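To start, the structure under review is shown below, and the notes come after it.
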Amino acid sequence: MTQIPTIKQVRAFTLKGGGADYHDQSDGHWIDDHIATPMAKYPEYRQSRRSFGINVLGTLVVEIEDSAGRVGFAVTTGGEPAAYIVEKHLARFLEGARVTDIERIWDQMYLSTLYYGRKGIVINTISGVDLALWDLLGKVRGEPVHQLLGGAVRDELQFYATGARPDLAQKMGFIGGKMPLHHGPAEGEEGLRRNLQELATMRERVGPDFWLMLDCWMSLDVNYATRLAQGAQAHGLKWIEEALPPDDYWGYAALRKNVPTGMLVTTGEHEATRWGFRQLLEMGCCDIIQPDVGWCGGITELLKISALADAHQALVIPHGSSVYSYHFVATRHNSPFAEFLMMAPKADEVVPMFHPQLLGEPVPVNGRMRLSALDRPGFGVELNPECALHRPYTH
């Protein structure tokens, strides 16, 4: 019987400048434009998301080294606070354990942090550790993560694009384009009119058949979201995304009943764990859930979330996440397409989503990605050695 390697050391680093913390961009990037946010009710924080601190945490890099010297790693958001949690709390549950003990390790990390965790940065941190474990296991076995998850159910992934220019995404071969909502309730009737005019203009550019979606980033209330959805029906809006704060399950249930027939309600980017998604699904809050594998609990938890969604006949279209979601989507029948974040400053070209932090990160070609692009062991990417890592804590 082959001896299973054990985990020798866990290390946590911080990294600034784009990558997993994709809001950490230079001036002029579309992602930091005048975009509706919960903070847009305050005029001084309306023009830029960085103005209220969306980029303060930075990227967390987790490395896990096994007894044979192999290293699995993953990136997510969380920065220095998350690095502290890894080094000072979570590392004890990994070091000395077998690299295959992923389920037990996840359970211990989650239960041991319940009194200060459950959601937010703690679950981000657990997600990063979990993803690094899956990367390591893939390297130990010489297999890509999608094979560890039971194997692919499709030979090719298809993508919609999130960015400021769905019309350009259409020309690049994507199946749809999701654009940020620019004006929230605090900007009144004129803001609502401008939102609908921007959607109408984009519909004119892309024609009647290309998917158009609106990303509202938690910024609306039920009344405004209902009026927006009703006004957007004339312009063929496919879905309205994350219209309400993530804890307003009751509002989502009401909104789903209010939107025009055929329009989808989606959310879940900022939800976490099977329990949070159980609430969304059992209350009938949405048609599509959008967990971020780097924020919801990692691959281990996303498998449970996906099974719950499947039982409720809901699609699972993970938020962003690059290779971490690609390997998952390839293996799930209820994830028929994936999201690609257009991280070029003007959303006018396809660039790796977590650039410059990862090397070997695949990108869609004509809106699609062959499974062969995901055939390397683990998640198939490496850290860029030119990106300076900082280890703020040790244990």
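Using N, Cα and C of the backbone, Cβ positions are placed for all residues, glycine too.
Lifted from Swiss-Prot, the feature list:
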type     : residues             : note
ACT_SITE : His319               : active site, proton acceptor
BINDING  : His23, Arg49, Glu339 : substrate binding site
SITE     : Asp292               : site 'Increases basicity of active site His'
SITE     : Glu339               : site 'Transition state stabilizer'
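Everything Swiss-Prot records as a feature, shown here on the structure.
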residue	record	contacts (Cβ under 8 Å, 6+ apart)
His23	substrate binding site	Ile31, Asp32, Arg49, Arg50, Ile54, Asn55
Asp292	site 'Increases basicity of active site His'	Glu269, His270, Pro318, His319, Gly320, Ser321, Ser325
Glu339	substrate binding site	Phe159, Tyr160, Thr162, Lys178, Gln290, Ile317, Pro318, His319, Gly320, Ser325
Maximum Cα-Cα separation (Å), residues His23, Arg49, Glu339 listed as binding substrate: 21
Number of Cβ atoms other than its own within 10 Å, given for the residue listed as 'active site, proton acceptor': 25
Local backbone state of Glu339 (substrate binding site), from DSSP in three classes: strand
